[in-house]
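If you check TrEMBL, you get these features:
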DOMAIN    B:32-163  domain 'Exoribonuclease phosphorolytic'
DOMAIN    B:189-254  domain 'Exoribonuclease phosphorolytic'
REGION    B:347-370  region 'Disordered'
COMPBIAS  B:355-369  compositional bias 'Acidic residues'
REGION    B:408-445  region 'Disordered'
COMPBIAS  B:431-445  compositional bias 'Basic residues'
Amino acid sequence: MEGVMQTDAKMRTESGAESSPRGPGCSLRHFACEQNLLSRPDGSASFLQGDTSVLAGVYGPAEVKVSKEIFNKATLEVILRPKIGLPGVAEKSRERLIRNTCEAVVLGALHPRTSITVVLQVVSDAGSLLACCLNAACMALVDAGVPMRALFCGVTCALDSEGTLVLDPTAKQEKEARAILTFALDSVERKLLMSTTKGLYSDAELQQCLAAAQAASQHVFRFYRESLQRRYSKS
Amino acid sequence: MKETPLSNCERRFLLRAIEEKKRLDGRQTYDYRNIKITFGTDYGCCIVELGKTRVLGQVSCELVSPKLNRATEGILFFNLELSQMAAPAFEPGRQSDLLVKLNRLLERCLRNSKCIDTESLCVVAGEKVWQIRVDLHLLNHDGNIIDAASIAAIVALCHFRRPDVSVQGDEVTLYTPEERDPVPLSIHHMPICVSFAFFQQGTYLLVDPNEREERVMDGLLVIAMNKHREICTIQSSGGIMLLKDQVLRCSKIAGVKVLEITELIQKALENDQKVRKEGGKFGFAESIASQRITAFKMEKAPIDTSDVEEKAEEIIAEAEPPSEVFLNLLRVSKPVLWTPGTAQIGEGIENSWGDLEDSEKEEDDEGGSDEAIILDSIKMDTREVSNIGSQDAPIVLSDSEEEEMIILEPDKNPKKIRTQTISAKQEKAPSKKPVKKRKKKRAAN
């Protein structure tokens, strides 16, 4: 299975290199994921993209505080904890982005008056942190068995000063970039769930980044599928 | 979310097992759970697993001005966080009693034992010293947080490298890791906490209690010790009286355990350093057990982005040009200066609503006439229905409105009825009829 995948990928690069002058920037770093590694949460996952690593734990559907109770759907909460110091405004903003993405996908109406809590812990940040957080959250939600309309993934694109597109940038590439765009895409229609950007870019560049993110999302979803297939395999 | 309470039968079962010298995870009385140490890619980052308890440690440093009364000493700062990930009962941003107790114990174990040479952290006396910050995050709570946290803290401190600094006259130069290799902290000894749980008023003793055992224990004794068998701190909590012999016995056990753990830490550090020197792969990605069924890895995936530009062009070309109304909105409005000292946008600009209103009016007219027609037809229908109803059911009829009238009129406002015109009486007269009819019916039944 893996052999087939690799040769397929190689063919793709060859064809891609021929038709496009683009350099080696357009590749995803190596991915790794481990699910169900914590005993207390209902679902947990550790997601690694290169040296960026995020640990996620999900509790839910569980009891909810009366003040936070919503009568016709589940209360979704996302907590993002930085590695050093206390959570600040940047973390709050990311929490909100992740929560909105999760709310779009999680079928909360099936569990009214409950709480679903996603706790994310940054383990190491080496670029594309938000995308990694989104991926970790998705894998943890899958592990917890929370019903979802579709899976989602996060992809970060960076545009450097010459307008070259870099997928899944490292911390160094992010620093040099003119613009950084992060998208969340769903697995069914490959449509946009969330987007957040930083820096200057043109109309056409946004569409280019989005198209590249959609292409990258196929790889991420294939990674999801294969890791879950491995998990639920009998051997 | 609240903690799940421990049931009485669970409690009794656990206590009986302890009385029989058995532990639920198959350990002996003095056994530790297995300890695993993994390092991250950055210096000073580690994860310590003590059984299922997991603690993430990260050390960071910063140049600050020293405390007034200790001008030549660096500052050490410990912060243990009980993340909600570890257990649902932990609330974010709340300083619980447990958290305060653990943080204080850590400080006593690591700062007050002078295991780190704080004087070597001084850059310029009275002006600049290093502040070393140790952040510890509990990731999973399965008992004995303090032991795991103290191991994580000391491992992270040993692993940490601070940037090199040079002082020439008044000038302080900070070197990046590329310019000069970062320097490790000078550590005198490694204090490690060992916890002992007591049951049945001190009759039974267990080393390294797990979460369940912690819930049924009567008292806890924590001894921090280094490998030279020097006690750094002792804390007894839970309010049990311990005999001298018990404390001595515990300190002997602690000595053995600390020796084992120190050896493990040193091996782990050496191993990580060797890999880093050789330029091999290191970090959390390498420490994931790839043979595990829950773990999966994917190598670098190249992505074909050759058609991205074309796609983007297509999408932009396909996109509908913005409508005229939208363009009107985009028209830049000029600021208006009504009186000196003010500037305004948005009022007094030509009204573009006129065209819209006209079209709406037309629509309204059409809609109105349509409704009228519909209403007419409905009225017709109702008339027909009412006719049918009156024909079909003259006897069974018992209209609720009529009943109310009958009940209300004689009791509450008899005067009004008298003063009213004759037409009211005429109305009243037929309303009695159905009642009579009903009475007849009841009689018949």
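Even glycines carry a Cβ here, placed using N, Cα and C.
Those TrEMBL annotations? Automatic predictions, nothing curated.
Taking the domain 'Exoribonuclease phosphorolytic' (B:189-254) as a whole, pLDDT averages 93 in the prediction.
Residue counts of the domain 'Exoribonuclease phosphorolytic' (B:189-254) by helix, strand and coil are 17 helix, 26 strand, 23 coil (DSSP-based). Note on the domain 'Exoribonuclease phosphorolytic' (B:32-163): DSSP counts are 33 helix, 50 strand, 49 coil.
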